[in-house]
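Here the structure is laid out as structure tokens; the discussion comes afterwards.
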Amino acid sequence: RNGHTRAGDGGHGYLKDWLWWGGLLTMGAGEACNFAAYMFAPATLVTPLGALSVLISAVLSSYLLGEVLNVVGKLGCFLSVLGSILLVIHAPQEQEVTSLQDMTNKLLEPGFLVYMSVVLVLCAILVLYFSPRFGRTNILIYISICSLLGAFTVSSVKGLAIAINSVFNDISVLASPLTWILLFTLIVSIVTQVNYLNKSLDTFNTLLVYPIYYVLFTSVVLSTSIILFQEWRSMAVVDVVTTLGAFLVIVVGVAMLHLFKELQVVKENVLNENEIVLNHVWMVSIYATFEMISVNGATVPYSLRK
């Protein structure tokens, strides 16, 4: 409306909008709490529990914004809560990493280096080749870029959380190159994620963007956490299976809450449909009775048939 290029076309006019900044800052406050959570719990537990924000947003929007939360959405909320409870009960215990030296050793392990190299190459291919050609027509391009960058975000956050936790006892962590490398990586990954997430939200339906982004982002973060911290190495088989099942339950709940948000399923419609079905059953029963009478040789009066 103000003549700026839309985000989906590569513009950044939203940076002049105070409402966008208000939303970004409040999201930043929430992410700061997430940052604190990563200091005390494994990423495998923290990241999927972000689905609770979907539930809270749905409930508040129904009361404050007048949006309709249908039966399917309520069932999705219930599934999200159920999956979150199961996830907390069977949460894995990450390997003890208490210093930047331990974190450095983890980051330099061959398996993790290969994994991050693959993620970086995929991001580069998506940004340089697929994004300019197919970004506006394929919903997975922008969202995949944001999701893959989650691998860098979660590893940087965990490392910085250790540095912040250690700085009170050892000020020398501020002089460590790893601290500033992690900070730089975190800033670049977050800025890039915000950029491509705005492109995605401006180009495609939000009801599709959010559940796809949640599933892909959480899957990448879980994979990164498993490879980096070997969180599942000491877990029992039942805990692994339950954790995966709980994550799938949350995914289904989030999908039901968003993908079927505009489906109007209300009590009156259900009652009307039941009434129609009962009428059809009643009519079929009457016709079957007439047929049985006719087969037995009796005559059904015209008034009764009518």
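Glycine too: its Cβ is placed from the backbone N, Cα and C atoms.
Residues or ranges marked as transmembrane segment in TrEMBL: 45-65 (among others). Non-local neighbours of the transmembrane segment (45-65) in the same chain are 30, 34, 37-38, 73, 76-77, 80-81, 83-84, 87-88, 91-92, 154, 210, 214, 217-218, 221-222, 225, 246-247, 250, 253-254, 257-258; each lies 6+ residues outside the stretch with a CB under 8 Å from one of its CB atoms.
Residues 41-42, 44-45, 48-49, 51-52, 54-55, 58-59, 238-239, 242-243, 245-250, 252-258, 260-261, 263, 265-266 of the same chain lie 6+ residues outside the transmembrane segment (71-91) yet bring a C-beta within less than 8 angstroms of a C-beta in it. What TrEMBL lists as transmembrane segment is 71-91 (among others).
Taken from TrEMBL, the feature transmembrane segment covers 112-130 (among others).
Taken from TrEMBL, the feature transmembrane segment applies to 142-164 (among others).
Sequence annotations record features per position, and here TrEMBL assigns transmembrane segment to 171-191 (among others).
Beyond its flanks by at least six residues, the transmembrane segment (211-229) meets 42-44, 47-48, 50-51, 54, 94-95, 97, 106-107, 111-112, 115, 119, 139-140, 143-144, 146-148, 150-151, 153-155, 158, 197, 200, 247, 251, 254-255, 257-259 of its own chain at Cβ-Cβ distances under 8 Å. According to TrEMBL, the transmembrane segment annotation covers 211-229 (among others).
Here TrEMBL flags 236-260 (among others) as transmembrane segment.
Among the features that TrEMBL reports, transmembrane segment is placed at 280-304 (among others).
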